[in-house]
Amino acid sequence: RQHEAPRRVKRAWVIPPISVSENHKRIPHLLVQIKSDKQQPGGVIYSIKGPGVDEEPLGIFSIDKFSGKVFLNAMLDREENDRYRLRAFALDLGGVTLEDPTDLEIIVVDQNDNRPLFRQDVFTGRVVEGAEPGTCVMTVDATDADDPDTDNAALRYSILEQGAAGMFSINATTGEICTARPGLDRETMGVYNLTVQAADMSGDGLTTTAMAVIYLEDINDNPPEFTKEEFSMEVEEQAAGVDVGKVFVHDKDLAGSPSWLAKFTILEGDPEGAFAIRTDPHTNDGVLSVVKPLDHEVRDRFELTVSVQNERPLEPSAPGSPRALATVRVRVRDVNEAPVFRENPRRISVLEGTPPGTPITTYTASDPDTHQIQTLSYALLYDPADWLQLDPHAGTVRTKRELLHPSAFLQGGWYIALVLARDDAEPPLSATGTLSIEILEVNDHAPQLQPPAGVLCGRPGRGGTLLLGATDDDRPPHGAPFHFQLSPQHPQLARNWSLARFNVTHAVLAVLAELPEGPYSLPLLLRDSGTPPREQQQLLNVSVCHCGRDGTCLDGALAAATAGAGITLGALLIILGSTILLLVLAALGAARVRGRRRALRKGLLQRSRDDMRDNILNYDEQGGGEEDQDAYDINQLRHPELFSPRAKPPLRRDAPLGSGTPMAPRKLPSSPSDIEDFINEGLEAADSDPSVPPYDTALIYDYEGSGSVASPLSSIVSSLTDEDQDYDYLSEWGPRFRRLADLYG
C-alpha cells in the first residue's frame, strides 16, 4: 500500500452569534441560514436542537431542513431568557453526518420594557425634632428587571411632594433621605409624608412612586406649666390619707412620654409634712393629699408653694416657663372631734379592803373642740366586779364595795375597768379610757399554826422534837418569814420546852427535860413579817408518848396519845354537820305529825251530822295533850322492870331540866268556870313530871263540871233543834272550846 502525503483539512462550519431584539413582533422572522461545505444540491438535511426547539420553552425556533434557514416563531422576553444555545446538524439523505454539530447562539437584545419597582410601598423613618440639617433619616430603594448594563436599569430618585416647608432631601443615586433645613418641631408637625419617585434611563425612562413617612421623635423642649397661678381647696380636720384636690398643668410634649410626665414638689408652707402631692398618670395633674391629721384649733389654713417639672431633664435649648410655680391655699374645716384621755391607761394603787365610798381617782378626758362649747359626761363601760361608782359629770371614781384578795377579777393584782367619755354634740362622739387599779396587799391576816397538834417523845435528844409550820392568807411581803416563840405570858414553859427556827416557814419544838406521858397545851405566839406585823397566840396540843429505845413512840402509846391529843378541825366540822342534819330531820318529822293531827281535828269538827260524843271520845292514842308529840311507848308495859322506881327515870324531851314532881292528887274544880284552869294545871303537871308516862295526868276528859248549866257533850247533837239553848259560855272555857262556841254559840 502506497503511503499518502499529508494534506490540509478544511475547518468545520462555524456560525457566529445571532442577536434579536426582545418583543419582536414580526413573526416568523428569519434569523440566519446555515450551509454545509459538503453541500450537495438536494443532498443535505439540516436540523437544530436545544432550548426553544425540542426543550422548554418549545416552539420558539424552527429550521427549514433543506435550505437551512432558522426562523423565530414567538416574541422573546429578555427578563426570562437573555440567550439561547442551540446545536445545528447536517446529514445526507441516508442519515449519515456530513459535518460535526456546531453551536448556534441566539442573543436576546434588551428593551426598556420594565418599570422600576420600590421594595415596599411605604417606607418609615424617625428623626428627633430639632435635628441639624444633613441628618439622614432613612433610605428608599427600587429595582428594575431590565438589563443592568444598560440605561434601561439606570435608576434615579427624587421627592415629588413633601409639603411647602421642604424640610427633607433625597440622594438621586442612593435614595437616602436626609434633613434639608433646621426647624423640625414635633409640636408643630409630628409626621411628614413624602412622595418619592424612581425612574430608569437615568431619570428619563419609566417611573414609579412610593410613600416615605417620617415621624419626629419628641424631646423635652417644652416645660410643664400650671394652668393658673393659684388654687383653692378645703379639707376636714383629723382627716388623713384623703385627697384634698388637684392642680392642673399643661405640657406640649408627647403625652405619656418621659418628656410629658410631670413631677410635683411642695416647696414652702408645710414644715410638718402634713401634705403630699403625686402625679395622676392619666391626666398628668397633681393630686394633693393629707398624710397627717390636721387640727383646726391649731391651724385653720395653709398656703403651699408647689413646683412642677418633667421626669426627663429639660433640653438646654428649651426656654423656661414663668408658670412652673403655683400657690395652693388649703382651708381646714372644723368638725366635731372625739374626747381624748391624755393619760391612757391611768394607773393607780388602792389598798386592799378600802371601804365603800372612798374616792380613788378622778379620770377625765379633754375635748379638742376648743372653738365649740361642749359638755363631757362619763360612764363605766366595763366594771366586771361592780366595784366602782363614777360621777358622770366630774369623773370622780369611788369604791362601791370592798375588793379583797383573792378575787377572780384581779389579773396579777390589777383590776381593769373601762371609762367612757362622751360629748353632747350631734352626733355625739366618745372615747374609752382604761383604768388600771393595783390592789395593794394589806397585812390583815395573822399566821396560822399548821398542824395544831402533834406527838413527840418525852425524852430530850431522843426524838423529843416536833416540826411546826405556819400559813398566811396574805401575799408577800406580808407573809413569811414567820417568827415562832413560846407565849411570853407563860414564862414557865421555857423550863421544859424550846422553839428553834428551821426555815422561813417552819420551827422545831423540842423538850428540854424528860416529861411524863400525857397531853400538853402550849400557848405559842406566831408573828409574820408584814408592815405592820400581825401576831396571834395559838394553842398547840402536844401529846407526849412513851418512848422506845430509838427515840420513837411505841405503837400503843402513839395511838392512845393521838386519840387524846384533841379534836382536830376536820373532826369538829364532821360532828357539827351531823348535828345539824339530825336537827333538820327531827324538825321535818315533827312538822309531819303536827300536820296529821291538825287535819284530824279539822275533820272531827266539820262532821256536824255525826254523833259528837263518838267523835270526841274516839282517840287513836292517849298522850299528854297537844303539846305532847310523842306517842305512847308499849315497851313500858312489856318491860316494867325498866321503869321501876329503882331505875333512873327517863327524861322527857319536852320537859325542862330540873323541874319538880307534879302535884298529885289534884283537887277537882268547884265550879264550871274553873274548867280552863283545871285543864291547864293538869297539862302543866304532865309536862313537868319526867318520871311518868306522858298519858298519866292529862287524860281527865270525862269530867264535865259540877252544876254546869250546859248539857253533857253527848247531848249536843240532840239539842240542835232547841233554840233556847245558849252556847256562848263555851267561849269562857279557853281557846280549846272557842271553836265549839263559834259553831254552836
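Each residue, glycine too, has its Cβ placed from N, Cα and C.
TrEMBL: automatically predicted annotations, no manual curation.
According to TrEMBL, the feature domain 'Cadherin' maps to 12-118, 119-226, 236-341, 342-449, 464-554. The feature transmembrane segment is assigned by TrEMBL to 569-591. Per TrEMBL, region 'Disordered' is recorded for 643-671.
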Summarise the domain 'Cadherin' (236-341) by DSSP state, stating how many residues are helix, strand and coil.
-> 0 helix, 46 strand, 60 coil
So how many of the residues in the domain 'Cadherin' (12-118) end up helix, strand or coil by DSSP?
-> 0 helix, 45 strand, 62 coil
Taking DSSP helix as H, G and I and strand as E and B, the domain 'Cadherin' (464-554) has 5 helix, 45 strand, 41 coil
Taken over the domain 'Cadherin' (342-449), the model's mean pLDDT = 87
Do you know the DSSP helix, strand and coil residue counts for the domain 'Cadherin' (342-449)?
-> 0 helix, 47 strand, 61 coil
